[in-house]
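Here the structure is laid out as structure tokens; the discussion comes afterwards.
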Amino acid sequence: MPPVVIALDGPSGSGKSSTARGVASRLGLAYLDTGAMYRAMTWAVLERGVDVEDADAVAAAAAEVVIESGTDPQAPTITADGVDVAGPIREQAVTDAVSQVSRVPAVRERLVALQRLTIAEHADGIVLEGRDIGTVVAPDAPLKLYLVADTAARAARRAAEQGQDEAAHVEATAASLQRRDAIDSSRTTSPLAKADDAVELDTTHLTLDEVVDEVVRLAVKAVPDLGGPAS
Ligand SMILES: Nc1ncnc2c1ncn2[C@@H]1O[C@H](COP(=O)(O)OP(=O)(O)OP(=O)(O)O)[C@@H](O)[C@H]1O
Ligand SMILES: Nc1ccn([C@H]2C[C@H](O)[C@@H](COP(=O)(O)O)O2)c(=O)n1
């Protein structure tokens, strides 16, 4: 049996992590936040004092870094070189540099290999979210979703999460999301893209619970075995 993978892709702040965690919890599946892996790699590269514009230096540094992800959707974890980096990877310095680091093919090769290993370890079911899950990491996934939401909604949600809903902050957040989307969509190696067979879901006017309900419904339809007692 091929591994049961639910692939969730989409632009920054479209609700991938929250949705993926909710779906994995509801269906009793593992969960992998691949964006956290790219952020952890970026944190480690910055810690080494590497210029993220220098792709060769990034590739050399990245070869040494050990990234480990915990896949419990209720308590996901992420470490780089044994350090718990769950907090630091959300800081602005990492957010500003992560798209540059993610463009480097050697970084992607390493992390995609790790992601596929994690899929193999959870063949009975895992929800992965990122930018290239449906197109590159798990092209045979039985269910692929591409989440989108208006930039204004994404920025407002992110700003609210940070407890900073003043107009200037929301505007700066929108600019940061758009800047990352532009770099992530235009890179040569596995850019942010909707897989041809992915279902696009616009979450702008949906609550998180409504989105999770819809993805669970689609998952059970695509993989009827998922509709067992855990859901
Ligand atoms: N449908 C929704 N309605 C309202 N708020 C939502 C919805 N989906 C997600 N959110 C909120 O929006 C914020 C961003 O969501 P989340 O972190 O899941 O997005 P993401 O796509 O994983 O972002 P990133 O790409 O930056 O990691 C969170 O505060 C989350 O609670
Ligand atoms: N599969 C992935 C996941 C993430 N990235 C890059 C691009 C994002 O800007 C960055 C951070 O991801 P986030 O935490 O915002 O989901 O990581 C990627 O290239 N491929």
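Backbone N, Cα and C define each Cβ position, glycine as well.
Residues or ranges marked as domain 'Cytidylate kinase' in TrEMBL: 6-219.
In the three-state DSSP classification, SER12 (ATP binding site) falls within coil. Within the same chain, the residues at least 6 positions away from SER12 (ATP binding site) whose Cβ sits under 8 Å from its Cβ are ARG154, LEU177, ARG180, ASP181, ASP184, listed in sequence order. If you look up TrEMBL, you'll see GLY10, PRO11, SER12, GLY13, SER14, GLY15, LYS16, SER17, SER18 marked as ATP binding site.
If one looks beyond the region 'Disordered' (160-192) by at least 6 residues along the same chain, the residues whose Cβ comes under 8 Å of a Cβ in the stretch are 9-13, 95-96, 98-100, 102-103, 105, 108, 112, 131-132, 135-136, 151-152, 154. Summarising the annotation, TrEMBL assigns region 'Disordered' to 160-192.
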SER18 (ATP binding site), DSSP three-state class -> helix
The correct DSSP tally for the region 'Disordered' (160-192) reads 22 helix, 0 strand, 11 coil
Densest Cβ environment (other Cβ within 10 Å) across the binding-site residues SER14, SER18 belongs to SER14
Listed in sequence order, the residues of the same chain lying six or more positions from GLY10 (ATP binding site) whose CB sits under 8 Å from its CB are LYS16, ARG131, LEU145, TYR146, LEU147, VAL148, LEU192
Listed in sequence order, the binding-site residues from SER12, SER14, SER18 whose CB sits under 6 Å from ligand 2 are SER12
